[in-house]
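Taking it in order: structure first as structure tokens, then the write-up.
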Amino acid sequence: MKSVRYLIGLFAFIACYYLLPISTRLLWQPDETRYAEISREMLASGDWIVPHLLGLRYFEKPIAGYWINSIGQWLFGANNFGVRAGVIFATLLTAALVTWFTLRLWRDKRLALLATVIYLSLFIVYAIGTYAVLDPFIAFWLVAGMCSFWLAMQAQTWKGKSAGFLLLGITCGMGVMTKGFLALAVPVLSVLPWVATQKRWKDLFIYGWLAVISCVLTVLPWGLAIAQREPDFWHYFFWVEHIQRFALDDAQHRAPFWYYLPVVIAGSLPWLGLLPGALYAGWKNRKHSATVYLLSWTIMPLLFFSVAKGKLPTYILSCFAPLAMLMAHYALLAAKNNPLALRINGWINIAFGVTGIIATFVVSPWGPMNTPVWQTFESYKVFCAWSIFSLWAFFGWYTLTNVEKTWPFAALCPLGLALLVGFSIPDRVMEGKHPQFFVEMTQESLQPSRYILTDSVGVAAGLAWSLQRDDIIMYRQTGELKYGLNYPDAKGRFVSGDEFANWLNQHRQEGIITLVLSVDRDEDINSLAIPPADVIDRQERLVLIQYRPK
């Protein structure tokens, strides 16, 4: 009966966090609008081999993540939930692997359930796992690969070992098809310390080639298909998207070595109080084979991405699966022996909630700031933000009432965030970061436009997805579409600032021409170097400028 209650509670938890509130949040640009539009175009064109964005070749990532996203929109429609359905599914599958692996290691159902809940409620997991990017997919394949490797190394027969390594190769292959060759480097780095300490080199060398073969066979069909269709894909993807992004001096998203320290700290909420103890207990118990495996799986990718020049918080998502297992194991031991860490965790959550309440007041219309984040007419959004932090502090306090039994309720600290964050985003943020909001405000003007031009790829993708058209033209800036725009068949998809006046004269009689520009909040739009317009509609950070036929 208790198991049934736990399962009902888990399903309610998943529904409240990962299902019910998702549609209330508009898509963020540039990431969510980009991936939403790529998948929409894939469904519309029927081309499941070559990814396109705004009708242009888009070679920043391979194809598998787009497949899953496209299936999500096919099943649930072109809406906010449909766009995010794929990442939510991947996150829940990863949580299922956390459950399975914890059971495999410790044979404890309660521990497995707690590890799952901890994983799903970690701030970084929830933030990325409900956000339409490709990282939850690669995290799933990496976690599946680590589970497969463990399965192979624990098998007692050659058939079991062979099956495990074949499965490892398939997961690595799917990882390559999702985000590239990092899906090969990360698992290898993660298992090497464990293989070395356990002296398991023999099994690795005997059966490892099976993983290589299955990985190649997994990638080969699509790899050959896209090489035939687009011979330049692999050169661009390997050199630009791997070498330049991570290793060269001009790498994208450059950050210092310590970049991931605050990411891990913030990402570990609402379980931050367990982080030091979980890692220390794991190190102290390093003679235990499974603990070494989890530690290596947590730390090695973190070190690898810290050394790389290009860094983003999403890169280390897969590290939090083993960390959640270590935290759950440590928390149960602490509850029995010394609940100090659990009390500290409760106080951290209270402090975080109270700090959030104070910060919300400071940036509210009633605070001391001259330019508040929310305007007076957005009072309900301020109260939503207060509710988010109040619930966080409340559940932090509740875990302290009987800490040995109530500590798992820390998983409910982000409940207010899950349910209310979509209602608390300030208009000034929505106007710049949510193209759907802009489209809703200017729908009547945008819909009949013969041509739409914009200077932001993220806004362009949002306009294309909302209006169901992929012919948005880039104006002044090419951004990440620079490579696709270099192809001969992309001629006419970019208009420079100097060329715009002539281009306008040539195309004005064909229909309404709409220019959507990103501007600074205090920028005078009358000073823009553009021909006089028939309509100007400013929505704070985005401005619609329209030219009608003469």
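Keep in mind that glycine also has a Cβ here, set from the backbone N, Cα and C atoms.
According to Swiss-Prot:
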TRANSMEM  7-27  transmembrane segment
TRANSMEM  81-101  transmembrane segment
TRANSMEM  111-133  transmembrane segment
TRANSMEM  137-154  transmembrane segment
TRANSMEM  165-185  transmembrane segment
TRANSMEM  204-224  transmembrane segment
TRANSMEM  263-283  transmembrane segment
TRANSMEM  288-308  transmembrane segment
TRANSMEM  315-335  transmembrane segment
TRANSMEM  346-366  transmembrane segment
TRANSMEM  382-402  transmembrane segment
TRANSMEM  406-426  transmembrane segment
For the transmembrane segment (7-27), which partner among 111-133, 137-154, 204-224, 288-308, 315-335 gives the most CB pairs under 8 Å?
111-133
Quickly jot the same-chain residues contacting the transmembrane segment (288-308) by Cβ under 8 Å, restricted to those at least six beyond its ends, or write none.
105-106, 146, 150, 185-186, 189-194, 197-198, 246-247, 251, 257-260, 264, 279, 282, 315-316, 318-319, 321-323, 325-326
Is the transmembrane segment (165-185) close to the transmembrane segment (111-133), in the sense of at least 3 CB pairs under 8 angstroms with a sequence gap of 6 or more?
no
Restricting to the same chain and to residues at least six past its boundaries, which positions have a Cβ under 8 Å from a Cβ of the transmembrane segment (315-335)?
94, 97-98, 101-102, 105-106, 110-111, 114-116, 118-119, 122, 124-125, 128, 135-136, 138-139, 142-143, 146, 186, 260, 263-264, 267-268, 271, 274-275, 277-279, 281-282, 291, 293-295, 297-299, 301-302, 305, 341-342, 403-405, 407-408
